[in-house]
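A short write-up of the structure that comes next.
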Amino acid sequence: MPLTSSSDQPILQIDSVTKSFDGTIAVNDVTLDVVEGEFVTLLGPSGCGKSTLLRMLAGFETPTSGRILMRGRDMSRLPAYDRDIGLVFQNLALFPHLNVYDNVAFGLRARKRTEGLDSKVRDVLSLVGLDGFEKRRTGQISGGQRQRVALARSLVTSPDVLLLDEPLSALDLKLRRQLQVELKRIQRETGITFIFVTHDQEEALSMSDRIAVMQAGQVEQFSTAVETYHHPRTRFVAQFVGETNLLEGQVTAKSGGDVTLRVVGVDQPMTLPAPADLSANTGDTVAISIRPEHMRVGPSECPALTGTVVSHSFSGATVTYALDSAAGPMLAQTPFQTGQGHPFAPGHQVRLSWPIANVTVIPA
Amino acid sequence: MPRSLRISLLLLPSGLLMAVFVYGLIRLIGSSLIVDGTLDFTYYEAIFSRSDYVAMLGRTLRIAAMTTFFSLLLGFPTAYYVARYRGNRNILLLLIIFPWLVSIVVRSYGWVVILGPRGLINGVLTWTGVVERPLKLMYNDFGVILGLVHVLLPFMIIAILSVLMQIPRTLEEASMSLGGRPAHSFRTVLLPLAMPGVLTGITLVYLMATGAIVTPLLLGGLGDTMLGTEIFQEVMHFFDYPKAAALATVLLVTALAVVLPIQLLERWLSARLSDGGAL
């Protein structure tokens, strides 16, 4: 298809979409713009509405209110078969009565695009690494191969957008990692916009250009993977994406774009850049998020907290300490220096500190 | 005792039943073929030389085929509706099986009340003046087919339903997301996967329709009976056992001629599908 639009023209616009089932709201006023060629992940725990949102994009559910636009055209009420959207199902839904070749050819035949069918099918099979599997039945191949067939089947029609509904969740860890890498490669090579649904935050971080973190039917944050990890905007995002230390603080002053906070147990007040949407005033409570890998264990001039080591666990390059402090339980991950052993044993009192630049203020 | 032997003991009761059944069948065929100790086709020659019997055989097969056709036409959508019903499916299943609680005689006779010359339909039609004289809605093939479809439809529905329930809805959604319109999805996904159930339903309904006795007796015309009814009368009224046996054998052979190929087809399809692995 011709790439006439400029690169940041949204290919898909989800405009205040709400979906309720018999009064229960599954998706609540979601607005997202997806740019052509992007890899977007809908991340959230089960029941957060990500699958319902995906089913609305696919055309299996109709929004209760709001619109879904594709290249500017409203397709909210278009049936699935009139949308140019592919879908890889969680259970794959391969056709058991057809062999690999016929499964992949299905979409081209259904859309009556049989010209050059054979070469298209063979090209996409080789793209997913399944040359020579044409005549195999879907019951005679491994889980990972079935995954590839499902992907090839949805890619062969070169859809504008490919939706993937937790396609890797049934696979073991090693195979999952391998397919994550391959999915990224295939997405890059085909240039197709991917919308990937998962509850696995590591998977989301490693694959996505942008992540929409969802909870209770709403998008809590929609930002790049790096932004989502380093600048979570809500308590939920901070806790769901990666491990974090959340501390409660009281606003003592507000000037320009900065807030000054006092945190229980921390010896100095902290002055931090405030997020634009922070509505807290002097005297209000806010939270701050500090990732374990930004925690320093040992003497420091930065704002610091006294903690007692509860346990430590060694994982090759790093040591992770679990600590108790006046501000609650803390996690600190420090690089491991060879030949040092564990520097701090359980029961040891240590100073915990952090560079101000790595602290994120979150509305309480 | 080896395990295989112990398990095969479980087959003993059904084995006894089968033995008696096979013995009866052999005796039946034997009594139609062997007259005074020698092989004799007299009864068969007598049947096939009488044009009314040949016509009766033709009518029996035609009515059975029509009954099967209409049962399929009504049964497939019903089974599909039940299989995809989101609410309490058991209530629907109960409604389907419900007619089985009433005897075939009562159910067939119920149609007389509705279709008869002074029945419900004709009563309304003549009273409102739509027709002057009652329509002939029964004592003909129409009445028989209607009655048989009514009696046999649950078998068709259950046979198809049991297969449709095994087909995940996501397969149809997969077809739709790949651009398959409803007709295309039906033809290329649902129907091939449902075929084993459809063939089972066809077999069941066709066999029961060819052997039907009560419904044709109550709803059919006097002049044009079906083979099952004729056999019944030969036995119960004329005590002509060899002739009844010969007619029964003809019925059996014609039924098998249709059913066996269907069974082979079903076997082949099922093997192909199970070969396809998990759905």
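Positions of Cβ are set from backbone N, Cα and C atoms, glycine also.
Quantities reported herein were computed from a predicted structural model and do not represent experimental measurements.
What TrEMBL records for this protein:
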type	residues	note
TRANSMEM	B:7-26	transmembrane segment
DOMAIN	B:57-262	domain 'ABC transmembrane type-1'
TRANSMEM	B:63-83	transmembrane segment
TRANSMEM	B:90-110	transmembrane segment
TRANSMEM	B:142-167	transmembrane segment
TRANSMEM	B:188-209	transmembrane segment
TRANSMEM	B:244-265	transmembrane segment
Let me spell it out: take the transmembrane segment (B:90-110), skip the flanking residues so only those 6+ beyond its ends count, and list any with a Cβ under 8 Å from a Cβ in it.
78, 81-82, 147, 150-151, 154, 157-158, 214-215, 218-219
Who are the chain neighbours of the transmembrane segment (B:244-265) in space, where the CB to CB distance is under 8 Å and they lie at least 6 residues beyond its ends?
28-29, 31-33, 43-44, 46-47, 53, 57, 60-61, 199, 202-203, 206-207, 210-211, 227-228, 230-231, 234-235
Where else in the chain does the transmembrane segment (B:142-167) make close Cβ contacts, counting only residues six or more beyond its ends and a cut-off under 8 Å?
63, 66-67, 70-72, 74-76, 78-80, 82-84, 96-97, 99-100, 104, 107-108, 111, 115, 190, 193-194, 196-198, 200-202, 204-205, 208-209, 212, 215-216, 218-220, 226, 279
